[in-house]
Amino acid sequence: MQDRFIKSITQLPTPLADALIPLLHQNFAGHIDAQQLAELVQSSKMTEAEVLLALLPIAAALAKPPISEFYVGAIAKGKSGDIYMGANLELLGEALFHSVHAEQSAISHAWLSGESQIVDMIVNASPCGHCRQFMNELVEGGQIKIHLPSQDSHLLSYYLPYAFGPKDLNVQSPLLVKQETEFALDSSDPMVIEALDHAGLSYAPYTQSYAAVVLETADGATYCGRYAENAAFNPSMLPMQMALSNLTRHNRDFGEIRRAVLVESSQGKISLVGATMDALHAVAAIELEHIVVDPV
């Protein structure tokens, strides 16, 4: 079991903890598939809803909040039945807009894993307005059920009445609908190709600034992040922040980053290079490789 879970595992009922420990191996990064979840429910003799709430301390253990020191864990349950953990991330000494909220982390985890819809969000603190707006960008966002400890469950539409969302800006294919934009680039570099593929899968209906970041660690492992825009603009999730959240979930340190690539569209209304460099330089003493590509 990873050291970061030693304290949180003691907060779980013993039967659930005993069943969960084998899953918390060195490669565990917060994903539990539907079959594994069913086995946890059976072994613990708890309901699924009880298990999901009980797992929140495990999700919160993924957090890296050096500024607030407030650990938030979130669990997104997909239509597939799989669950995806996420946690808040803050960059020490940097402006707060670089922060990743736990719900954003969990949703990006699900998106990068190929999930097509979120049906439940379990979180240990009431979603802030920023996260409510971010969730509203998703497929059937208003119908996502929000579950909090010691509170009744409600739909997102309860927490965000009279919501402004993608349809108000004539966007009919919201976040998590698989969409692919093709770009022209002649490269044999696997890391650049990976970034190009993820840029094509990014979500930028408001600026067409399709973009992705890939980070590489010294052992050759890569961690990606895609741009995810929001109808309200400010809650958009930048690809570098998503990549850093991804890396952190996998229990890697920022000091292990040896290479960083940003690929973005030449036809976007904005460029993410400045914000991407700011975030990168806050955590690693390396230069960003910036590649601009043309849509096919």
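Cβ coordinates are placed from backbone N, Cα and C, and glycine is handled just like the others.
What Swiss-Prot records for 47-167 is domain 'CMP/dCMP-type deaminase 1', and it gives sequence analysis as the kind of evidence.
The feature substrate binding site is assigned by Swiss-Prot to Asn88, Leu89, Glu90, with sequence analysis given as support. Under the three-state DSSP scheme, Leu89 (substrate binding site) falls in the strand class. For Leu89 (substrate binding site), the Cβ neighbour count at a 10 Å cut-off comes to 26, with all displayed protein chains included.
Reduced to three states, the DSSP call for His101 (Zn(2+) binding site) is coil. The feature Zn(2+) binding site is assigned by Swiss-Prot to His101, Cys128, Cys131.
According to Swiss-Prot, the feature active site, proton donor maps to Glu103, an assignment based on sequence analysis.
Here Swiss-Prot flags 186-296 as domain 'CMP/dCMP-type deaminase 2'.
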Based on DSSP, name the secondary structure state of Cys128 (Zn(2+) binding site): helix, strand or coil. coil
Rounded mean pLDDT for the residues that make up the domain 'CMP/dCMP-type deaminase 2' (186-296): 98
Relative to the Cα of Glu90 (substrate binding site), which of the recorded positions Glu103, Cys128, Cys131 have a Cα no more than 10 Å away? none
